[in-house]
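Noted in TrEMBL for the protein shown:
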| type | residues | note |
| --- | --- | --- |
| DOMAIN | 6-336 | domain 'Acyltransferase 3' |
| TRANSMEM | 7-26 | transmembrane segment |
| TRANSMEM | 38-63 | transmembrane segment |
| TRANSMEM | 75-93 | transmembrane segment |
| TRANSMEM | 128-148 | transmembrane segment |
| TRANSMEM | 155-173 | transmembrane segment |
| TRANSMEM | 185-204 | transmembrane segment |
| TRANSMEM | 216-234 | transmembrane segment |
| TRANSMEM | 246-264 | transmembrane segment |
| TRANSMEM | 284-301 | transmembrane segment |
| TRANSMEM | 313-337 | transmembrane segment |
Amino acid sequence: MKKRLTYVDLINVLAIIFVLIIHSSWDESSTALGIYDSIIRAICAPAVFLFLMNSGATLIGYRRKYTTKTFLNKRINRVVFPLILWSIIYYIVDSFVKKPLPDVTFKIDNPSIGNFFVSFLSGNINGAFWFFYCVIALYLITPIISVLVKNHKNILFYIVILDFFFSFIVIYFNNNLFHLELSPYLIPMSGTCYIGFFVMGYLIKVGYFTKKGLNVIKILGIISFIAAILIPAFKFKISLPVIQNLIEYGGPLNFLYTIGLYVFIKQLVEDDTLFQNVKMQKCLAVLASLSLGIYILHPFFLKIFMKMTGTEFSSWLDILVMPIFVYITCGLTVYILKRIPFVNKILP
């Protein structure tokens, strides 16, 4: 029986909670609620990237456990098939609703088989499903980068450096400051779906970094966390996009904050005796197993909450209560559904 990584379980739980908080806080006004929403979104911004780091931590070294064929079959069954099935379900829902479900963002006016394929391939069925397209792309290149784990970890770190430099420095500053028409041939890591997070998860897991290196990562993470609070707090006084977006997706501080948080949680779990408790480990394992199912189903529960309260990202109830409501009710639903034969195959 394989040994579970408790820190991975805790990060999975935290990541889905971050997702729910982000998806409950879309007030963009200059009111107190709008500013609070902006701050909380920035604090929770690592959400999906924590999932990607966990995927890298648990999957890049797969060759020690099974063949590439087995690896790909497992990924197809766990992600590709559920993505197709739930895309069909959401496509049907999108065709009947008067307004798109929260965070789905799409409504289908003229449904057809042809339109489904176009919508599926363009990612225009469920806005939250971009994560699945991203992680599938990473799965496809995992057999290539996995050959580096034994003797070429420095090359893996080189991949991280390239991704950070081009995706989070060059592209970021060009999009937010210089606005040059850069040739795509100049960007060697473009289109690699946040591979830097994926690889960093693995390198942190296997102890690639020295204690000093980990401390540097944490310090940069703390600085970025402080910025995650200050920048949105003063966003209506800051007119420069190059500063406003530092903590947003694609922003360099987002990258540093995410990996710093990851290291902090890993060390906390490994050093705190609370997480050595078997009951705690089992509890986290169960909660972590619900995360992907919650990610898939949560738009329905956001809608239920809004129907019950009459709000729509316009109330303190949304940001303070809705994430808790959705996590508990959706989590219980997923827990029950995963105990039904066949359903546990389509709700990973």
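Positions of Cβ are set from backbone N, Cα and C atoms, glycine also.
Quantities reported herein were computed from a predicted structural model and do not represent experimental measurements.
The transmembrane segment (185-204) is not in contact with the transmembrane segment (284-301), judged by fewer than 3 CB-CB distances under 8 Å for residue pairs 6 or more apart in sequence.
Counted over residue pairs 6 or more apart, the CB atoms of the transmembrane segment (284-301) and the transmembrane segment (7-26) come under 8 Å in at least three pairs, which marks the two as touching.
Using a Cβ-Cβ cut-off under 8 Å and counting only residues 6 or more beyond its ends in the same chain, the transmembrane segment (155-173) has close neighbours at 60, 145, 148-149, 182, 187-190, 192, 194-196, 199-200, 202-203, 208, 242, 245, 250-252, 254-255. With a cut-off of 8 Å between Cβ atoms, the residues of this chain six or more beyond the transmembrane segment (313-337) that come close are 16-17, 20-21, 24-27, 33, 36-37, 40, 102, 286-287, 290, 293-294, 297-298, 300-302, 304-306, 343-344, 347. Residues of the same chain lying 6 or more positions beyond the ends of the transmembrane segment (246-264) and with a Cβ under 8 Å from any Cβ of it are 11, 42, 45-46, 49-50, 53, 164, 167-169, 171-172, 175, 196-197, 200-201, 204, 214, 217-225, 227-228, 231-232. Distant neighbours of the transmembrane segment (7-26): 36-37, 40-41, 44-48, 50-51, 53-54, 57-58, 102-103, 128, 262, 265-266, 268-270, 275, 281, 284-285, 287-288, 290-291, 294-295, 298, 302, 313, 318-319, 322-323, 326-327; these residues of the same chain sit at least 6 beyond its ends, with a Cβ under 8 Å from one of its Cβ atoms.
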